[in-house]
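Positions annotated as active site, proton donor by Swiss-Prot, on the basis of sequence analysis: Cys117. The phosphoenolpyruvate binding site annotation in Swiss-Prot covers Lys22, Asn23 and is backed by sequence analysis. Residues or ranges marked as UDP-N-acetyl-alpha-D-glucosamine binding site by Swiss-Prot: Arg93, Asp307, Ile329. The 2-(S-cysteinyl)pyruvic acid O-phosphothioketal feature in Swiss-Prot is assigned to Cys117.
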Amino acid sequence: MDKLTIQASGALAGDVVISGAKNAALPILMAGVLAETDFVVSNVPNLRDVNTSCELLRCLGAEVSRSDEGKITISTTHLNEFCAPYELVKTMRASILILGPLLARYGTADVSLPGGCAIGARPVNLHLHGLEQMGAKIEVKEGYIKARVDGRLKGAHIFMDMISVGATENLLMAAALADGETVIENAAREPEVIDLANCLNAMGAKISGAGSDTIRIQGVESLSGCEYRVMPDRIETGSFLVAAAVTKGKIRCVDADPKTLEAVLAKLEDAGASITTGEDWIELDMQGQRPKAVNIKTMPYPGFPTDMQAQFCVLNALAEGTATITETIFENRFMHVPELIRMGANMELEGNTCIIKGCELLNGAQVMATDLRASASLVIAGLVADGVTTVDRIYHLDRGYEHIEDKFKGLGGEVVRVS
């Protein structure tokens, strides 16, 4: 099993090209099921979860091809299977996003209950309840969600009990082919939801309000394929910016979108970073200074993203002062903390809050990645730790970061993959 070995590298410097957003690419690939003609998606990152999504589509009978330039073409002409099996779904929670498209276009879907990162309960009941309001008959049996509808789904007024990105996306795709208007209230406002809505509209859907808490979808009878470019990955961008801040460096993220990172950029400025932005780039300069501690509370977008929480744990571990980080989105999302403590971080957990007293130095150690973003935080910690850090179980990292070791090397980081 692959590992990463990391050594303290000094201040990161240079340009890093940001990949397409995993969390936008996955639902957009699933939306390919809705298209009656060939669907082409570009700027798709080369990641384990993307490969799993392509394998799932092939398992259903779709033809999926990939070019070297990150372009994926999907044809559903021969799609004739409607079951997403446990073997694929168990490795990636986003597989649940096939449910809405299959049901909307074909009237039937069997989807195994999902797996993915072990970061607490992420219930699927919001997905199921919304589809039931649109006329689906659903039962959960033998570990599978079995959904059926006679004819087309019907437009409905859906109020989400809690904000859920995945449920918003699933219902958005299902409603695109429903009969009549669907209104989703208390919808997720994340940029990835907007990207999916823009893609569906390019396919012929009639969606308005994405990015607000109320989305309106006027169902259409069919959708066509199109060519669509996935948005930049805001979490990858934020991860590199934090790495630069922790190493007291100066980097520029290109092919990025500053508008999607306002909460993160504000916290980096609070930490002492000088931030400059253009339309598609972000530059961070720490001017050789140690970061200042910053308090964080994760919130749904446009608040501070839960997917950046672990990285800011590392920043605060090395910052001047004391800070708290409160996690409000997921339970069990501080599994990186014991690993950082093994590296010398001064942290303690109280419920869903981590109290961090900054120290000047971390020590290299053998650590274990427990989920996707936790693994990124351990790599960042290794870049400033005294000695060698080895990160095990980096298959988590490969689910969400494209060529991470090569990108860090390009900035001067000593990060090596060992088989």
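Heads up, the Cβ atoms here are built off N, Cα and C, so glycines get one too.
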Three-state secondary structure, which DSSP defines for Arg93 (UDP-N-acetyl-alpha-D-glucosamine binding site): helix
DSSP state at Ile329 (UDP-N-acetyl-alpha-D-glucosamine binding site), helix/strand/coil: coil
Asp307 (UDP-N-acetyl-alpha-D-glucosamine binding site) to Asn23 (phosphoenolpyruvate binding site) - Cα separation in whole Å: 11
Nearest-integer angstrom distance between the alpha carbons (Cα) of Lys22 (phosphoenolpyruvate binding site) and Ile329 (UDP-N-acetyl-alpha-D-glucosamine binding site): 19
Distance, Ile329 (UDP-N-acetyl-alpha-D-glucosamine binding site) to Asn23 (phosphoenolpyruvate binding site) (CA atoms, angstrom): 16
